[in-house]
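Input: a single structure, listed below in C-alpha cells.
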Amino acid sequence: MRDVISVLDFSRDEILQLFELTDKFLSGGFRPSLEGKIVATAFFEPSTRTALSFTSAALSAGAKVLGFSSDEATSVSKGENLADTIRMLENYADCIVMRHKLDGSAKFAAEVAKKPVINAGDGKREHPTQALIDMYTVRKLFGTLEGLTFGFLGDLRYARTVNSMLRILTLFKPKIVYLISPPQLRARAEILEELNYPVKELTDVKDVVGELDVLYVTRIQRERFLDEDEYEKVKESYRLDYRTVERMRKESAILHPLPRVSEIDRRIDSMPQAKYFLEASYAVPLRSVLLHEVMAGD
C-alpha cells in the first residue's frame, strides 16, 4: 500500500507498468478487484470530474465509496483541524482520495494517516493522477513518451495540472517544452529549476504551433487578477482559435484537463487535433487500475 502525493512518487518503469495494466483493463485482459474495500473521497474543494471519476473507478472495481464534496459538509466548518478529520476518515475507509486548497495538504495528510492517501489536487502544487491520465493519452496517441515537443498554454503559474506535467516529463526526455503564457502567469522559478530538459518561454502560441506534437491548454483563472479589465484582455489573447489550430499538423494533439471555459474555440472540438474528450475518457480506467495498485497491488 502506497501514497500518491506527487507524480515523482513513481519511477519511469512504474508509470509504464501502470499504463500497460490500463491497456489490459481496456482490452478486457485485466479487471481491478477491490471487493470488500472502502474508498473515502475527501474533497475539501469543489470538484465534479475528479470526484465523480474516482467514485466511478472505485465502484467499477467493486469497492464501496463514502465521502463529501465540500468542507461545508464536514466538521471542518465547525473548526475541526485537518489532522483530526484525516484520523477519523481512516477509521472508515481503506484509502483516502483528497483534494484541498492548501499547498502541501496531501503530504500532510499522508504523514497523519496510516492508510494510503491519493492526492486529487493540493492547492496550486500538484494533481498527479491528472498528469498520469494526460501522459497515458499521449502514449496512446503517439506510441511513445520520448522525444516529443510539448507546448503548455495559459496559466502556468497557478495550474497544478501543469506543475505535475512538467515534473512527470523529467522522466521521459521531451525534445523541447514551450511555455506559453502572459508574463504575470509564467511558470514559477522553483518548478523550472527542477526540469532536466530544454525549455523556452514564449508569449504567443503562433510562434511554435506548427512544431508541436502536444499542446496542453489550461484556463486563465479569473480569481488571480485584481483588475477585471486586465483579466479580460489576457483571457482573450490566450484563447485558442480555429485558425491557429489549422496551422498545427493533423497528427498533433490538443489536450486540456477540463473544465474548459472559453480558452478553446468550440469549433475546434470537431478538428482532428482535439483530443481532450478522449483524454477525459481514460480517467476512470486509469484511476480504477491505480486504486487497485494502491490498495491491492502488493
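Glycine too: its Cβ is placed from the backbone N, Cα and C atoms.
Quantities reported herein were computed from a predicted structural model and do not represent experimental measurements.
Marked as carbamoyl phosphate binding site by Swiss-Prot: R49, T50, R99, H127, Q130, L258, P259. Among the features that Swiss-Prot reports, L-aspartate binding site is placed at K78, R160, R219, with the record citing sequence analysis.
The structure, with features from Swiss-Prot marked on it.
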{"residue": "R49", "record": "carbamoyl phosphate binding site", "Cβ within 10 Å": "13"}
{"residue": "T50", "record": "carbamoyl phosphate binding site", "Cβ within 10 Å": "23"}
{"residue": "R99", "record": "carbamoyl phosphate binding site", "Cβ within 10 Å": "24"}
{"residue": "H127", "record": "carbamoyl phosphate binding site", "Cβ within 10 Å": "26"}
{"residue": "Q130", "record": "carbamoyl phosphate binding site", "Cβ within 10 Å": "26"}
{"residue": "R160", "record": "L-aspartate binding site", "Cβ within 10 Å": "21"}
{"residue": "R219", "record": "L-aspartate binding site", "Cβ within 10 Å": "19"}
{"residue": "L258", "record": "carbamoyl phosphate binding site", "Cβ within 10 Å": "19"}
{"residue": "P259", "record": "carbamoyl phosphate binding site", "Cβ within 10 Å": "8"}
Pairwise CA distance, R219 (L-aspartate binding site) versus P259 (carbamoyl phosphate binding site), rounded so that it is a whole Å: 8
Nearest of the binding-site residues (T50, H127, Q130, L258) to R160 (L-aspartate binding site) - Cα to Cα: H127
Additional residues surrounding carbamoyl phosphate, by Cβ distance to the R49, T50, R99, H127, Q130, L258, P259 centre under 8 Å: S47, T48, A120, G121, T161, P257
